[in-house]
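Features as listed in TrEMBL:
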type     : residues  : note
DOMAIN   : A:107-367 : domain 'ABC-2 type transporter transmembrane'
TRANSMEM : A:27-45   : transmembrane segment
TRANSMEM : A:176-197 : transmembrane segment
TRANSMEM : A:217-247 : transmembrane segment
TRANSMEM : A:259-279 : transmembrane segment
TRANSMEM : A:299-318 : transmembrane segment
TRANSMEM : A:357-375 : transmembrane segment
Amino acid sequence: MMEMMRAALVIARRDFTAVVLSRTFIFFLLGPLFPIVIGMAFGGLGDKISTADLRPVVGVAMSPADTARMQRAHARLAERMGPQALPALRRVPLSPAPRVQLARANADVMVIVSGSPAQPVMTGQPQDIRRLEGDISLLASAALAEKSLHMVHVEAQQVATSVGAQSQGRLVIGRIAQIVIFFLTILLAGMILSNLVEEKTNKIIEILAAAVPVDAIFLGKLMAMLAMSFVGIFFWGATAFGVFLALKTPGVSLPVPAVGWPAFLMLAILYFAMAYTLLGSLFLGIGAQAATVREVQTLNMPVTMGQMLIFFFATYAVDKMGSPPEIAAVILPFSSPFAMIARAAQVDAIWPHLLAIAWQMIWVGLIIRIGVLLFRRHVLKSGGGWWKQLFRSATG
Amino acid sequence: MIGAPQPTYAVEGHGLVKTFGDFRAVDGIDIAVPAGSIYGILGPNGAGKTTMLRTLLGIIDPDEGERRLLGDPAPLRQARNVGYLPEERGLYPSMKAFEAVAFMGALRGLPLRIGRERARAMLADYGMGASAEKPIRQLSKGMAQTVQLFGTIVHEPRLIVLDEPFSGLDAFNQGKLETLIRDQARRGVTVLFSTHVIAHAERLCERVAIVAGGKVRFEGTVDDARNRLRPQVRLRTRASDGGWRRALPPETLAQDGAWHFALPQEGIEPLLRALLDGHAGIESLSIERPGLHDAFVAIAGEAAARQMQADQVREEAA
C-alpha cells in the first residue's frame, strides 16, 4: 500500500506540475472570472430588464375616471407590496372592442380590462386570465374602496433569533452549497475524461504500466487533478471572498449552518473532494477506454447529462430530511456528497459525515478498481476472470 | 544493489500462454535467463517477442503458465530492480531531458534529487550535456531514445529488459549501445533484449532464445546454436573427376566450380588423404563454422529468416 501511494505521488507530482506550470493554467484560473466581470459590467442593464420589462402589461379600457381610480389603486398597493408584485397598467382606447384590439399586429398588452371597477371584464387568453385575474380583482377592489381603504400600520417586534428563519436560512445555505459543489465538480471533473489520452498517444503508458501498478496511475492522476482543482478553488474562493467583503451590506449577517461555519466549510471541502474523486474515478475509467481526443469529446455530453441527473436527485431531497428519497440520496454514492452537505447545513450531528465520507471512499476505491480492471482488459489486453482480477493485489 | 544475493535465474517463464482473441501470440513458452548474463530473444516481427517480454514483466498477465522476475512471482514487486525500454518509445514531450530521466527513475523508487543528479551526469558523459535542459520535443529521435535508455538504467537495476533497443539507431549509436550493454553486464546486471537483427545477438549474447510463431524453437548459448549445424567445407580442385570423388560425402553439391558439403563426422583427415592419393590437386580448402544466421535458418525455418531480413531492410530504409 505504501509503495502504491509512493508511486501514485510520483505520477501526481508530474501531472500537477505539468498542468500548473503551463501557460494555459492562467486562462484556467481566469476563465470563471470572465462571466462575473461581464455580469457586473452589464449588471445595470440586467436590473432594468428584470424589474420593468418582464412584468405583464394589462390594458385598461374604462372611462377616464375609472382608469384613473385603477391607476391610483395600483400606486397605493405597489407602495406596500413592491412594484414587482403587480402587473403594469396601460390605458387603451375604449373602442374598438378589446377582442379586436388584442388581435391587432401591434398589440402590446397581455389582457384588457374593460367595464368598471365594480364589474371588471377581462379579455385575453385563458391562461393569461387565470394568471392575472387575482391581481385585477385586488386592484379593482382597492379602486372601488378608494378613500375608505385604510392601509393598516404593522407594529414591528424584533427578536434576536428566529428558529423558523434560521431553518429557512439553513435550507438556503444547503442548496447554495450543493450548487457550488456541483458546478465546481462539473467544471473540473470533466477534464479527467481526457487524462489518459496523453499517455496513450505518446506511448508512455507502457513505461508506467511496467513500473507501477495501474491502480497507482489512476490514483496519481486523480490526486493531481484534485490538487489542481484546489489551486483553482483557492484562487476563485479568495477572489469571491474579497468581492463579498467589498460589497457586504453592514449589519446583515449570514445564517449559521447547523454544524457551524468552520465545520461546514471543512465538510464542504471534503464533500467537494469526494464528489470530485467519485465522478473523477468514473470519468478516468471511461476516458481510459477512449483511444483518441475525439472519442473523449463524444463521451463528454452523456457524462454531463449523468451529472445533471445526480444533482437533480440530490437537490430534490434537500428539504425532505429523513425522507426515503433523502436517505436514498445519502446512500447512493454519486449523490451522497451533495445530499450530505445539505444535511450539514440543517442537522448538527457530525458522526453521519464521518460514516458518509468512509462510505464514499470505499466507492472511490471500488470504482478505481473497476476502471483499472477495464483498462487492463481492453487497453492492455490483459486479465482473467472478473472477480479474481477485482480482488487481486495491485502488484499482480 | 548489485551486491544483493541473486537467484540463479533473473527471469523465468514456464508454459506461458497469451491469446488475443483467436490469435495465440505466446504459445507455451519456457524460458530461463541466468542472472548476470546477456540474453537475446531472436525472432522476426510478430513472432511473439514483445508479448513474451510484457508477460514476463507483469504488464499483462498470461492466460496460462507461471513467471518469476528476480525470483518473485509478482513481477511488479520487483519494479525497483528492473529497467525496461519498450519497443514503442514514449516520453512526455514537454518534459526536460534530465527531468524525464529522473521521472523514470522515480517511478521505480529512485529519489528525484538523486535521479536528477545522475541524469545530468549521464547526459554530460554521453555528450548530451547541452540538451539536458531542453524539452523532449526539441530533441532528435535518436537523442530522445538515448534519454529513454538512461531513464531505463538511472536507478541502477539488477535486470534490464530492452525490447528492440537497436531499432531506430544509426550505426554509431548502435555501437555505443552495445558498449553500454557490455558495461552493465560487467557490473553483474542481467540484460535481456529482443532483436530481429542476428548480428547484435551474435556479438553480445551469451545465450539466445529463437522465437517463431509464439514458440521458443531454440534456447541455449550462441555456440550451441551454431553447433547444431556441421561446419561447412568448400573445396576447389584442379581435377574435376577421379577415384577421389568417392571419398566426398553423398550430399556434396557442385556449385560455382567448387564442392560444398558438411564436414564429415570422422573429420577432414580421411578425405584429405584420399584427395592427395587420388591427385585431385587441392586448389583451395576452407572449413567454416556456421554463423548464427545459418543456425537460425535451420532452427526457425527459411520463411522466418527471410522475414527477419525483410524487417531489417524495412527498418534501415525507415
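Backbone N, Cα and C define each Cβ position, glycine as well.
Unlike curated records, TrEMBL annotations are generated automatically.
Of the two recorded stretches, the transmembrane segment (A:299-318) does not lie close to the transmembrane segment (A:217-247), with fewer than three CB pairs under 8 Å once pairs fewer than 6 apart in sequence are set aside.
Beyond the transmembrane segment (A:259-279), the same-chain residues lying 6 or more positions past its ends with a Cβ under 8 Å from any Cβ of the stretch are 173, 177, 180-182, 184-185, 188-189, 222, 225-226, 229, 233, 307, 333-334, 336-338, 340-341, 344-345, 347-348, 350, 353, 357, 360-361, 363-364, 367. Outside the transmembrane segment (A:217-247), and at least 6 residues removed from its termini, the chain residues within Cβ reach (under 8 Å) are 4-5, 7-16, 19-20, 28-29, 32-33, 36, 184, 188-189, 191-192, 195-196, 199, 205, 208-209, 272-273, 276-277, 280-281, 284-285, 288, 368, 371-372, 375.
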